[in-house]
C-alpha cells in the first residue's frame, strides 16, 4: 500500500527503527502554551459576566474564580499522574478506555467526535471572524455568511499549518498565547493603576459583598459551573503526551506553571474590570474587555478587539492540534477508521486526523444549532472528567504496585470528585431535559460501537471496501501507519489495558509500510 510513498525519507521512529512515528517536538514552553492557550480563549475578554451574574456580588464572584482555579489545579494533578502512568496520547479517552474498557472509552470518543470538538472549534472561529469584521461594520452586525466564510478560511489556514509541521503549529501557539497574555497583562496593569488612583470602591469588603440581587444557593452553584467551564482546556496537554519532550518531567511541570498562571490572570483581570466598571455596567456589556478599553484607553481602545481576535485565532490552533491527536489515538485503538491513525512519511504529522477535524468543523459552521448542541453535551464533557478521576482511584486499587512516576495523595481526587458530584447533581436538578438529551446523544454510540468495533466477522465485501478507501487515502495524503512504541513503553501499556481490549480486537496491529 505504500508504492506511492517509496523513495521518500521517513522520519525515524522513537526506537530508532526505519518506520515513522510522531516526533517529540513539544518542549516545556510549548506545553505551557498549549494549556494556557486552550484555557484562555475569548471568555475572559468577552463575557466574565456569567460568574458575576450568578454570584450576586463582586466579592463572591472573585471567590468563585479562585476556588474553581484551585479545583482545576487538583484535577490537573490527577491527570498528571494518569498521564505519566499511561503515557499515551488521547487524554481522558485513553485513560477511560484502559481502565474501564472499550465501550466506555468509545463513548467518550464518540461524543467528542460527533459534537464537542467540532462545535467548540466552530464557535471559537466565529468569534475570531466577528472581531475581525466588526470594525468594517461599525453601525451594524457583520453579515452571517461573511462571518462563516472568514471562520472557514481561519480553519483551513491553521489546518494547513498543522499538517505542514508540528514545530510551526507549536510556534503559532506560543506566539498567540504570548499575545493574549500581554493583552491581559495590560488589563491587569491598568487595573493596578486604577487602584493606585483610589478607584477600588467595589473591592472594599463592605461593598464587594453587597449583593445586587438576593443570594441563592442554586445561582451560586451555577456560578461555580460557569467558572469551571471558563477553565475548560486544562487537560488538553494529555492529548499529546507522546509528542512531549521528556513527558515524565515536562507534563507535570507544564501543569504546575500553567494552571496557577491562568488562575492569577483570571482573578486579577476580573479585579481590573471592577475598578473601571460597576457590576451593573459589567453585566450590561456584551464584550467586557472592549468596554473596559473604551473607558481607559481612549484612542488606543482598538487594542482590545484585536486582542480578542488574536486570542481566538490561537484558540482555534490549539484546539485543532489537540483534538486531531484525540482522533488519531482513537483510530490507533481501532475505534475510528484506520486511516486516521496514519502520519505523513516526511512531516510526521497526522494529516488524515487533521483533515477529519477540519472537515467536521466546517460542517458545523454550516449548521444553525451548534450553540444548542454545546449546551446539550457540556454536561457529558464534564461527566467524563469525573469518570476519569474516578478511574485514577480504581487503578490505584486494582494495580497498587504499578510504576507511577508521579503519585498524588488520594485526598486530592476525592476532593475533586466531591466538587464534581456537587456540580453534576445541580446540573441534573436544574436542567434535567438538557442533561437527558446529552446522555441520549452519547448513548447513540452504543450500537455504533457493537457494529463497528466489537463485531469482528464483518462481511468480506465491507472489509474490502474499507481497505480500498484506506489505500486511496494513503496515496492521497502520503501517509503510513506509525511504528510500534518501544518495548518498555508497550509493557507499561499492557499492564493497564482492559481485558475488553483483547476481546474487542482493539490491540494495536502493525501495518507493513
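The backbone N, Cα and C atoms fix where each Cβ goes, and this holds for glycine too.
Nobody curates TrEMBL annotations by hand; they come from automatic prediction.
Annotated features, as they stand in TrEMBL:
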- 26-46: transmembrane segment (TRANSMEM)
- 58-80: transmembrane segment (TRANSMEM)
- 107-129: transmembrane segment (TRANSMEM)
- 149-169: transmembrane segment (TRANSMEM)
- 181-203: transmembrane segment (TRANSMEM)
- 215-234: transmembrane segment (TRANSMEM)
- 255-276: transmembrane segment (TRANSMEM)
- 296-316: transmembrane segment (TRANSMEM)
- 351-373: transmembrane segment (TRANSMEM)
- 379-398: transmembrane segment (TRANSMEM)
- 410-430: transmembrane segment (TRANSMEM)
- 436-455: transmembrane segment (TRANSMEM)
- 485-513: region 'Disordered' (REGION)
- 501-513: compositional bias 'Basic and acidic residues' (COMPBIAS)
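Of the Cβ pairs linking the transmembrane segment (149-169) with the transmembrane segment (296-316) and spaced 6 or more residues apart, 3 or more are under 8 Å, so the two regions touch. Against the transmembrane segment (379-398), stretch 58-80 has more CB pairs under 8 A than any other of 58-80, 181-203, 296-316. In this chain, the transmembrane segment (436-455) does not touch the transmembrane segment (181-203); fewer than three CB pairs sit within less than 8 A of each other, excluding pairs fewer than 6 residues apart. With respect to Cβ pairs under 8 Å, the transmembrane segment (296-316) is most closely packed against 107-129, considering the stretches 58-80, 107-129, 215-234, 255-276. Beyond the ends of the transmembrane segment (58-80), by six or more residues, the same chain brings 51-52, 91-92, 202-203, 205, 207-209, 215, 220, 223-224, 227-228, 230-231, 234-235, 238, 251-252, 255, 259-260, 262-263, 266-267, 270-271, 274, 279, 385, 388-389, 392, 406, 408, 412-413, 415-416, 419 to within a C-beta distance below 8 angstroms of the stretch.
Touching of the transmembrane segment (215-234) and the transmembrane segment (410-430) is concluded from the presence of at least three CB pairs under 8 A, sequence neighbours closer than 6 excluded. Within the chain, the transmembrane segment (107-129) has long-range Cβ neighbours (under 8 A, six or more residues past its boundaries) at 41-42, 46, 92-93, 96-97, 142, 146-152, 154-155, 308-309, 312-313, 315-316, 319-320, 323, 326-327, 330, 335-336, 357, 360-361, 363-365, 370-371, 373-374, 376-377, 380-381, 384, 387, 441-446, 448-449.
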